[in-house]
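Trainee: One structure, as structure tokens, below. Some questions next.
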Amino acid sequence: MIKYLSTNISLYFQENNSCLSKKDVLKIQYTLEAILSDLSKFIIIFLVFLFIKEIPLFLFSFIILNSTRPLLGGIHCKTYYGCLTCSILYFMIILLFTRLFPELNTNFYIVFFILSLAITFIFAPCPNEKRPVKNKATLKILSLISLTFWIILFYLSPLQTRNCILISIFLQIIQVIIINTKGVIFNAKNNKTFFNRTT
């Protein structure tokens, strides 16, 4: 459905704008696929959390995700349904951890955040073979700023909010480590198709 919609919309632009080249149309199609894919996944996950009455937690963890992952990088699934499944699992893990995990020793938090900042400084942003990082220094600085912001907020928040921040950062840092040590980078199928057709 997403492929069908993006293809037809991009063809509409092509038919009504003769200035667009084939590559321009493919770029429009790729962008539309990405937007529609992300939007549909957000709506589905939103409905799941609406059903279990955990919308505030979902939105908060979603904000953390979108203020760290685009800067640090992360693992991508090959298919839409694989990504949707992993995304639901990701937010469910955060939900369970947030609600059930007890408060830990202060020293643990200090060590964890120091290691997280160090890993971010050394490895972020993660490499991507299809979309090379051109502004690595800027992204690294922004990654550290984002992480520092959430660490400060962590110490100003109640336990469940702290748990949400902690597990969100942990899952992000784990991805950074995996990508840089094992080379596990799964580019989305539509990324591969688009770049193959435009090279």
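Cβ atoms are placed via backbone N, Cα and C, with glycine included.
I grabbed these lines from Swiss-Prot:
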| type | residues | note |
| --- | --- | --- |
| TRANSMEM | 43-63 | transmembrane segment |
| TRANSMEM | 81-101 | transmembrane segment |
| TRANSMEM | 108-128 | transmembrane segment |
| TRANSMEM | 139-159 | transmembrane segment |
| TRANSMEM | 165-185 | transmembrane segment |
Trainee: For the transmembrane segment (108-128), find every same-chain residue at least 6 residues outside the stretch whose CB is under 8 Å from a CB in it, and list them.
Mentor: 71-74, 136, 139-140, 143-144, 147-148, 151, 154, 166, 169-170, 173, 175-177, 179-180, 185, 187
Trainee: Could you give the residue numbers and ranges of same-chain residues that sit at least 6 residues beyond the transmembrane segment (165-185) on either side and whose C-beta is under 8 angstroms from one of its C-beta atoms?
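Mentor: Contacts with the transmembrane segment (165-185): 61, 64-65, 68-69, 72-76, 90, 93-94, 97-98, 101, 109, 112-113, 115-116, 119-120, 123-124, 126-129, 147, 150-151, 153-154, 157.
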